[in-house]
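Undergrad: Per Swiss-Prot, the features are:
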- Cys119: active site, nucleophile (ACT_SITE)
- Cys47, Cys50, Cys96, Cys99: Zn(2+) binding site (BINDING)
- 8-130: domain 'MsrB' (DOMAIN)
Amino acid sequence: MVEVEKSDAEWRAQLTDEQYAVCRQGGTEQPFSGAYYHCKEPGTYHCVCCDAPLFSSRAKYDSGSGWPSFWAPISDDHLRILEDRSLGMVREEVRCARCDAHLGHVFPDGPMPTGLRYCINSVCLDLKRSG
């Protein structure tokens, strides 16, 4: 996957204030507030910054966490997982492998077959509906 690099000014011009705060500054949207939290429509969720395909609606489930949750990405190569020691805890941060956007976190408490819960901010995603 070809990496996307832009200046801070280019990201600010492309993204809304909330998208910029979450994707480029590592923020988090309020739980239960995102456009895709309750979404059941079929399609592929892409990175809002670079349009990389990240998650399929077929892997989406209701975790009750307040954020869209997925049990697997479209491809492990489309994500980067980094250790996050912020807020006094250790978590695994999920970033877009193409543009380095902060997407959310992954936890080892998801459903089978992976046992993972990718907890992703809605503002980081753009659903390309199928059908």
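Even glycines carry a Cβ here, placed using N, Cα and C.
Here the structure is a predicted model, which means the values were calculated and not measured.
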Undergrad: Taking the recorded Zn(2+) site as Cys47, Cys50, Cys96, Cys99, identify the other residues of that chain whose CB atom sits within 8 Å of the mean position of the site's CB atoms, giving them in sequence order.
TA: Val4, Val48, Cys49, Asp51, Ala52, Ala97, Arg98, Asp100, Ala101
Undergrad: Which residue, out of the recorded positions Cys47, Cys99, Cys119, shows the minimum number of other Cβ atoms inside 10 Å of its Cβ in this structure?
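TA: Sparsest of the recorded positions Cys47, Cys99, Cys119 by Cβ contacts within 10 Å: Cys99.
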Undergrad: Can you count helix, strand and coil residues in the domain 'MsrB' (8-130) using DSSP?
TA: 27 helix, 40 strand, 56 coil
Undergrad: Around the C-beta of Cys96 (Zn(2+) binding site), how many further C-beta atoms are within 10 angstroms, looking at every protein chain?
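TA: Its Cβ shell of radius 10 Å holds 25 other Cβ atoms.
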Undergrad: What residues, ordered by sequence, lie under 8 A Cβ-to-Cβ from Cys50 (Zn(2+) binding site) and sit at least six positions away in the same chain?
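TA: For Cys50 (Zn(2+) binding site), the qualifying residues are Val4, Cys96, Arg98, Cys99, Ala101.
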Undergrad: Do you know the mean pLDDT across the domain 'MsrB' (8-130)?
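TA: That stretch averages a pLDDT of 96.
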